[in-house]
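Taken from TrEMBL as is:
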- A:31-49: transmembrane segment (TRANSMEM)
- A:83-103: transmembrane segment (TRANSMEM)
- A:109-130: transmembrane segment (TRANSMEM)
- A:142-164: transmembrane segment (TRANSMEM)
- A:184-206: transmembrane segment (TRANSMEM)
- A:218-241: transmembrane segment (TRANSMEM)
Amino acid sequence: MKIDPIHQFNIEPLFTLGHIGNHTIAFTNSSLYMLIAVLLIALLMLASGRELVPGRLQSVAEISYEFIASTIRGNAGAEGMKFFPLVFSIFMFLCVSNLVGVIPYTFTIASHLIVTFAMALMVFLTVLIYGIYKNGLKFFKIFIPSGIPIYILPLVMFIEILSFFLRPVSHSVRLFANMLAGHIALKVFAGFVAMLGFSLGALGWVGGSLPLALTIALYALEILVAFLQAYVFAILTVIYLNDAIHPGH
Amino acid sequence: MAESHGEAKGQNPGAHTEADGGGHGGTFPPFDSSNFASQLVSLAIAFVALYLIVSRIALPRVGGTIDARQNKIEGDLAEAQKLKDQSDAALKAYESELAAARSRAQAIGNETREKLNAASDAERKALEEKLAGKLADAEKQIATTRANAMSNVRGIAADAAGAIVQQLAGVTPDANAVNSAVDASLKG
C-alpha cells in the first residue's frame, strides 16, 4: 500500500468552461467544492426557519450571524458593520469549505495557495482602496505609530510599511499552510495504519493501533483547525479593515 | 464592490506565477500554475455569488428575524412593565382607599361614640335631676312630717304638763302659761 499524501490536493478538471487567452478555464473538483460550500451556506442561511423560538438549523444560522457581527463590532466598531457581508462571506466560505474538506475523500479549497492568496489580496485591496477613499492621505498615518521618538521613526515606518505590504502573504500563507500541513499529516498517519495492518499481519494490527489513535486525535484537531483558521482569517480581515476605518490607531 | 477588486486583481498573481513557473508540469499540486486560472475564475464566480446571496438575501433575512425577536422581547418586557405598573397603581389605589375607608370608619365611630356619650350624659343628668327633685320632695315631706310630729309632741307635752300640774296642785293651769312653759322647755 503506497502512501500518497499529496494526491488529495490534485486538481482534476471535470469539464472545460472556456478559454481566457491561452489559459484553459475548467470546471475542476475545486470549483465543485466551492459550489458545494456556497450551496451549503445558502441552504443554512435561507432554508432555516424564521421562528421566534429558533430550531437547530436556525440557531446555527443566527449564531453565525451574531458571531461575526460581534467580532466586527468588537474589533472595528459600528462602522465596521459596512463590511459585515464581506467578512461573513469570507468566514462562512472558509469555515464551511474547511469543514467539508475534513471529510475523507473530499477536497479542501483552502489547501491551494492561489485561492487563499486571492482572498487575502481581495481583503488587502479592499483595505487599501477603502482606506484611501475614506481617509485620503490620512490613511497613511497607519505607518506612523504615535509616541515613537523621531530618531527611530524611519526604521519603524519602514517596518510598518513592509509588514503592511506583506499582509496578503502572511494572511494567505497562514491559512494555506495550516490546511495543507494538517491534511498531509492526517493522510500520513492514516497511511501508517493501513501500511502496518496490510504488511505485518497480526502484529501489524497491534502496531497499527498507535497511529490509528493518533489519526483520531489529529482528526479532532483538524476539525478545530478548520474552524479556527477560518476564524483567524476572518478576524485578521476585520483587524485590517479597522485600519482602513480608523487609521489613527 | 469589494469582491470585484478581488476578482479583478486576484487573477494577476495567478498570471504572474504561471509565467514564472510555467515549466513545472507534474509538481506539487498547490504550486502547479497550470490550474491557477481555473481556480481563480471559479473562486471569483463562487465568491461573488456567495457575496450576493449573503448580502442581498441571507443577512437581511437572518438579521430581520433576530431584530424581530429582539423587538418582540422588548415589547413583551415593556408590556410586562406596563402591567406591573398598572397593578402597582391599582394596589396603591386600593391601599389608599382602604386607608380612607378606615379613617372614615374611625370618624363615624368617634362621632357615634360622642353622640352616644352626649345622649347618655343628658339622660344621666335628667335622671339625676329627677332623683334630686324626688330627694327634695322626700326631704320636704320628712320635714313636714317631723314638724307635725313635733307639734303633736308639743300638744302632748302641754296636755301632759297640764295634767301633771292638775294632779299635783289640783288646779287647772292656764293653757297659755302651760304652752309657753312647754315651748321654753322644748327650746332649752
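Cβ atoms are placed via backbone N, Cα and C, with glycine included.
Since the structure is predicted, the reported quantities are computational estimates derived from the model, not experimental observations.
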Highest-contact recorded stretch vs the transmembrane segment (A:83-103), from A:31-49, A:109-130, A:184-206, A:218-241, CB pairs under 8 Å: A:218-241
Non-local residues, at least 6 beyond the ends, that sit with Cβ under 8 Å of the transmembrane segment (A:184-206): 1, 3-6, 8, 212, 214-215, 218-219, 222
Other parts of the chain folded back onto the transmembrane segment (A:218-241), taken as Cβ under 8 Å at six or more residues beyond its ends: 68, 71-72, 75-76, 80, 83, 86-87, 90-91, 94-95, 98-99, 101-102, 110, 116, 119-120, 123-124, 126-127, 130, 167, 171, 174-175, 178-179, 182-183, 185-186, 189
